[in-house]
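Over in TrEMBL, the protein carries these features:
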REGION    1-60  region 'Disordered'
TRANSMEM  76-100  transmembrane segment
TRANSMEM  127-147  transmembrane segment
TRANSMEM  154-176  transmembrane segment
TRANSMEM  182-200  transmembrane segment
TRANSMEM  224-250  transmembrane segment
TRANSMEM  256-275  transmembrane segment
TRANSMEM  287-307  transmembrane segment
TRANSMEM  327-348  transmembrane segment
TRANSMEM  427-454  transmembrane segment
TRANSMEM  466-486  transmembrane segment
Amino acid sequence: MSEWNRDQWAAGAAPPPQGYPQYPQGTQNVPPYPGPTPNYVQPGFSQPQTNNGGGEYKQSFEGERFKPKKKINDPFFLVFFVLQFLGFVALSAVAIHSWVSDGGLGGGLGKSGATSGSAVTLNKSTVYLLLLVTAAAVLLSVVYLMLTRAFTRVIMHITLLLSIALNIGICAYYWITKYYSGAIIFTIIALFSILSYWGYRSRIPLASLLLQVVMDVSKHHTSVYVVAFTALIMQAALSVWFVFTCIAIYGKWTPGSSSCSTSSCSSGKVAGLIFYATFSFLWTSQVAANVALATLAGGPYGAWYYFGPREMGEMPNHPTLSAFGRASTLSLGSIAFGSLIVTLLELLKMILRAAQNSANQDGHPVEACLACCATCFVGCIESAVEYFNRYAYIEIALYGKSYIGASKDTWRLFKDRGIDALVNDSLLLCICMALTWGAYVVGMLSSLFAYLYLRITDPSYNSGGQYTAPVILFAFLIGLMCSLTLSSAIEAGVSTIFVGLGEDPQVLSIRAPALFGMIAETYPHVVRGVPGV
């Protein structure tokens, strides 16, 4: 059977096959070509195999794509990551063993269990609380993704307006509270977001179509959801483990605790161990999420882009398992390298925020302003690193490159093809805002659940409210990380399409013609050299 002719379909000569998803129409009022479903390319279609310079795409296995050399990349960072993780395991084992020996400092589930525990520090009732928070976060994350697929454009419009409203609200709050350093910075951010509104809004149709295409590819490759939910469960388990460890550290080394009779206790020791546990948690969490990203990019999404759907018979067997094997062994050091940079920047940002809050409370506006500016500067660097990392990990997943080599090649590829303009434009920002806002909503609802639980159960250790803020913060982080992990599966598909578009743009014209048409119209330089464009 031959491929559907878009012009005949637009003229009404050939109706769309039953079961195709209906994507928004393009700017030329032409009904969109079917998106990525199991039959979007007929099995008998013959794909051209010439070089990219001639306008047609490369062989799927060209170079080392999908078949990299059997070489461990960035071994130093692989060893460093393994050692720090083993250190966290040892710390957790010592702290939790002592904590369990003391009966978890008492406590239990519900109001009666909360009042039965130790009044000195966090106890077992906090564990039950955060376990419930984790379960709620997983459920809320799934519901939000379902709503995003069903109401893509509406949610993108809402999240765009919410982002602007949030910036204005923070700006107004800082002016009212006379926190002038933060007020000046957020005034600039709020003005910029308001002026950028129309540019963002004009990209929503293309962004929503791209997001829908990726979600439909995911729908027909169940391995996407297997990887996403596996990563989510691992992230949730890691979060619970981290919470157990932090509570056990408080219980074992907090002055006045029952464990102090057998160990030296001090607030400084607690702070240092909590800092190390937080560092290990952030780095391990980053690595787990990025392994999932590399698995999806080198597995279902990359295989869909370069080989087509399974019905064509060209997709290799078990691409997801192969991609996971490469990401968790040969390329794990490269992923750990990139993740470590982001982790260190995140820790530095946390320290600067603490310094900013301390200076603000002590009535030193100049120091607070400097700390706020430094935080924003570090945040910009962190965003730039995350920008490179995402696409570097895809190059790593496809070709098995080292971290530095993948970053350089990604930058050169994007500059040569012009994908940097597409990625830097508001297109990707609209998608990220929709998914990130969902993560913040899940995080806030999780923290609200934790706050209400504390108010209702009134645990003995929190009689003065001294542990309300840490527990709410832990709940927010758990909800945020769970939601971001699940959303990262969709973002992986978007990013993989961008990388594929930079290497072989004509492939996208076959896989998703409606999406390719909108990109060609909005970013013509991206598809230069493609016949008929």
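Cβ atoms here come from the backbone N, Cα and C positions, even for glycine.
Ranked by Cβ pairs under 8 Å to the transmembrane segment (224-250), the stretches 127-147, 154-176, 182-200, 287-307 are led by 287-307. Non-local neighbours of the transmembrane segment (127-147) in the same chain are 104, 107-109, 113, 155, 232, 236, 239-240, 243-244, 247, 438-439, 441-443, 445-446, 449-450, 453-454, 457, 471, 474-475, 478-479, 482-483, 486-487, 490; each lies 6+ residues outside the stretch with a CB under 8 Å from one of its CB atoms. Tertiary neighbourhood of the transmembrane segment (427-454): same-chain residues 129-130, 132-133, 136-137, 140-141, 144-145, 148, 152, 155-156, 159-160, 162-163, 200, 203-204, 206-208, 210-211, 462, 468, 471-480, 482-484, 487, 490-491, 494, 498, selected by CB-CB distance under 8 Å and a gap of 6+ residues from either end. Nonlocal intrachain contacts for the transmembrane segment (182-200), taken as residues 6+ away from its ends with a CB within less than 8 angstroms of a stretch CB, comprise 160, 163-164, 167-168, 170-171, 174-175, 368-369, 372-373, 376, 426, 429-430. For the transmembrane segment (154-176), same-chain residues at least 6 beyond its ends with a Cβ under 8 Å from one of its own Cβ atoms are 147-148, 182-183, 186-187, 189-190, 193-194, 197, 200-201, 204, 207-208, 430-431, 433-434, 437-438.
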